[in-house]
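Feature annotations, reproduced from Swiss-Prot:
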- Asp135: active site (ACT_SITE)
- Phe83, Cys84, His85, Met120, Glu121: substrate binding site (BINDING)
Amino acid sequence: MPANSRSARLTHLDDAGLPTMVDVSDKAVTARSATAESRVRFPAAVAAQLRANGLRSAKGGIVETAVIAGTMAVKRTHELIPFCHPLPIDACRFGIDWAGEQVLDIRCTVRCVHRTGVEMEALTGASVAALTIYDMCKALSHSMSIGPTKLVSKRGGKRDIGAAQ
């Protein structure tokens, strides 16, 4: 067992082991940001078709729809994940582009000024954007895969993670 894991504890459990929302009322209000990434992998023929069609499907613009869905998800993260605080989101930006012949890379960066971070919002945005891309393309194939989805960076809390975005 790593030395630091003995003192670490799950923050969403109280002393009795019951689930609870973290009390952030004593935390300082600071600028917070987080970037998350997800990927959608397509079969070669589907990727070629999407490239030829400018990332449009019979349902419409794939990237545009994914950005809208991801943004909506960022703003509603607290409704989806029980112990997330509702946050005043100041910015939400997506980057969606090819990362190889068959993989679309989705990056979601979220910013706010508050007492708690926006990692879950960024992860939720990237995840829902990836799910939306799957939905937009499933008429072409169900052999797509999503992942990995991961936190790339976060700034403004107790500890920063990853490179500044």
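Cβ coordinates are placed from backbone N, Cα and C, and glycine is handled just like the others.
The model shown is predicted, which means the values in this text are computed figures rather than measured ones.
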- Note on the structure: One should report the C-alpha separation between Phe83 (substrate binding site) and Asp135 (active site), rounded to whole angstrom, as 28
- So around the substrate site, Phe83, Cys84, His85, Met120, Glu121 aside, which residues have their CB within 8 A of the centroid of those CB atoms? Thr77, His78, Ile81, Leu87, Thr116
- Query: Cα-Cα separation of Glu121 (substrate binding site) and the residue listed as 'active site', in Å?
  - Reply: 21
- Integer Cα-Cα distance in angstrom, Asp135 (active site) to His85 (substrate binding site): 28
- Message: Assuming the binding residues for substrate are exactly those in the record, Phe83, Cys84, His85, Met120, Glu121, what is the maximum CA-CA distance in angstrom, rounded?
- Response: 12
- Note on the structure: Counting every protein chain shown, other Cβ atoms within 10 Å of the Cβ of Phe83 (substrate binding site) number 12
- Message: Give me the count of other Cβ atoms within 10 A of the Cβ belonging to Cys84 (substrate binding site).
- Response: 20
- Same-chain residues at least 6 apart in sequence with Cβ under 8 Å of the Cβ of Met120 (substrate binding site), in sequence order, are Thr77, Ile81, Cys84
- Note on the structure: Within 10 angstroms of the C-beta of Glu121 (substrate binding site), the count of other C-beta atoms across all shown chains comes to 27
- Query: Under a three-state reduction of DSSP output, how is Cys84 (substrate binding site) classified: helix, strand, or coil?
  - Reply: coil
